[in-house]
Structure formats: C-alpha cells, structure tokens
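Asker: Quick one: structure below, then a few questions.
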Ligand SMILES: Nc1ncnc2c1ncn2[C@@H]1O[C@H](COP(=O)(O)OP(=O)(O)OP(=O)(O)O)[C@@H](O)[C@H]1O
Ligand SMILES: O=P(O)(O)OC[C@H]1O[C@](O)(CO)[C@@H](O)[C@@H]1O
Ligand SMILES: [Mg+2]
C-alpha cells in the first residue's frame, strides 16, 4: 500500500512526531510506502512531493514544526481543485491520504472523503478545539510554555505592584487560557466563550489592591472580546483566508484598565513562542499514538475517519462528526475558575 501524508494549517509541536510514527508503522508493520506532500493542500494541488522512509524521519520525534511544511490555500481554490488533487493522488498511486491538521484541514479532508478519496485524518492544534477528541497534541506543550512564562511574570508584577496581562493563543476557544491560568495561579482569566465586562474586570483589579494584594495576573485569550457596550475593541477585519485579524485585546483592555483603576498595567503577548520548539513528553506520546492508529486505520479500510483520544484509548471518529462544530470551553469549566478569581 502507498500512503500520502500532509500537514495543514498552523504548525504545532508534535506534527513531526506523527509523520515519523506513520512512516515507521507503515514501513515496518505493513511494508508500505509513504509519500509526503509539501506545504499542506498546496503541495497536493501543485504535485510537490517528497518520499519518506525510515531514514528520512530519523530525529523527528523531538523536533517542533513540520518538515513537510504547511501553507494556507483559500477554501474556494481548494474546493475548485478536488478533481486535480484526485488526479495527483491517482498518478502517484496513493491508496490512502493522511492529512494532519486543524478544523480547516479536516474540513477539506472530509470534502475529499465525500468525493471518494480514502482519507484518515489526524487532529492537531495547540488550541485544543477539535471536537470528538479529548485532546490534541500541541496543547500540552503550549500550556506548559505559557505556564512557565506566567510564573515568571508573577515576581516582576509583585515587585512593582502592577497589573500584568498575558495574551495567549486561542482563536475561538479559551482552553490554553483556562489551563495556563489555573496552572500558574492567575487572578483573572478571559476566554472567547464568555465576553467580558470591563467594569467587572476593573472591580476585580481594584478589589485585590484594596485587600492589600501586591499584584494582578490576568490571562487573556487572543480571541476574548468585550460584551457589547462594555468597551470598544478595534476591528481588524478578515484576512485573505477568511480568518479574523486580531488587534490585541489584552493591550486594549490594559489601556482601559489603567484609565479606570489608575494602576500600572503591562501587557505581554506570548504569540508564536507557544507553538515553537520541542513537544512535551505527553504530546510526543499522543502524536506517536495518533500516527500509529491512523496507519492501522488506513490499512484496515477505516476511511472517512479521524483518530481521537477518548479517555486513555485512541479511537476513530467520523470526520463528519469531528468537523460539525468546534470544542469550546463549557461554562462549567469556566465556573471552576471562580474560586481562584480576584
Ligand atoms: N471550509 C473549507 N472548505 C475547504 N477547504 C478548507 C475549508 N476550511 C479550510 N480549508 C482548507 O484547509 C486549510 C487549512 O485550514 P486552516 O488554515 O483553518 O488551518 P487548520 O487546519 O484549521 O489549522 P489552524 O489550527 O492553524 O487553524 C486552508 O488553508 C484551506 O485550504
Ligand atoms: O499566525 P498564524 O500561523 O496564521 O496562526 C495563528 C493561529 O493559529 C493558532 O496557533 C492555532 O489555531 C491559533 O491559536 C492562532 O490564532
Ligand atoms: Mg483553522
């Protein structure tokens, strides 16, 4: 059998570990071949490939990013290119395609599957917002990095009696903010799922200083936004791929808080540092198990599915179900932060 593999969307620690796992499992368990497509769907559309054998994936377990590269393609271009991609896959004799990516990549995988291409998806994202799987690899690494950074901000904040706002990634879902906030003892956590009221945030800040506390650490997901009428937030519009451009919610909230409370506020935007470097051991194991089980599914004819972590086991979930909605932070999980807020 010949497998095709590609990585789509933003990079994520653990992508290389999945590639290595698929190649090793396919070649050593099944005597199959693996062909890599470069730069996500773009490489498949443009027929840019790289053969992958065990030697080619040596050392990939610990390396961040993706050696196959990743690029975004406008969904309209991708929709119009389905026949072309089918032609490229047939020309290379690819029996099953294994796309590794977030909800966009998996949506495209579902379209190809509906068009008759045997596909087994692998979910990735530091945001942890893919439905149908308990976790995605990359999330644990991102939370670990964010936690270490927030730990460091506590000491400088208390030295200057400041409010320190930390903006973490999380476009539609606040999982990174929630977990890093709990792990690092944040006094305030703002997520996209629950629009914030700046007056309430200012009250929390003032309450801490009134009680004699030295500082405030607030974790703000990049996709967090104020309740209508609460405070203005600049609109960055959409980029060419239809993604909302962020305008720095933490910075804008910080300026508003300084005005309202008279306290000094500093803002740190963690950005892509959360996505860089080597995956944690947890993510290496999850990525390796995803790659192994995707390879098994591909050889057993379980197509149109995505590998998923359910409890401690790796299971298969229909792609249609996985892409139907995003997995956002439920209110009960945000309510758990209540005891630690303020
Ligand atoms: N609705 C869609 N229809 C067809 N193709 C799509 C669709 N959404 C996304 N894609 C394709 O999948 C690619 C990857 O999607 P996207 O850029 O959203 O990354 P992702 O896989 O969701 O990862 P990330 O977590 O970085 O967002 C897009 O560039 C586009 O080519
Ligand atoms: O800067 P890029 O690569 O376009 O992507 C940024 C986005 O990708 C993610 O890292 C993963 O979805 C988001 O948290 C973030 O908004
Ligand atoms: Mg996406």
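Even glycines carry a Cβ here, placed using N, Cα and C.
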Asker: According to TrEMBL, 72, 73, 102, 103, 104, 105 bind ATP; which one of 4, 10, 170 is listed for that same site?
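Answerer: Looking at 4, 10, 170, the one TrEMBL places in the ATP site next to 72, 73, 102, 103, 104, 105 is 10.
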Asker: For the substrate site that TrEMBL assigns to 125, 126, 127, 169, 170, 171, 222, 266, 272, 273, 274, 275, which of 162, 260 is also named?
Answerer: 162
Asker: From the Cα of residue 169 (substrate binding site) across to the Cα of residue 103 (ATP binding site), what is the distance in angstrom?
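Answerer: Residue 169 (substrate binding site) has its Cα 16 Å from the Cα of residue 103 (ATP binding site).
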Asker: Would you kindly give the Cα-Cα distance separating residue 125 (substrate binding site) and residue 10 (ATP binding site), rounded to the nearest Å?
Answerer: 8
Asker: Using a 6 Å cut-off on Cβ distance, which of the binding-site residues 103, 104, 171, 266 come close to any atom of ligand 3?
Answerer: 103, 104
Asker: Using a Cβ cut-off under 8 Å and a sequence separation of 6 or more, which residues in the same chain sit near residue 171 (substrate binding site)?
Answerer: 127, 129, 192, 222, 223, 243, 244
Asker: What binding-site residues in 103, 104, 266 place CB under 6 Å from ligand 2?
Answerer: none
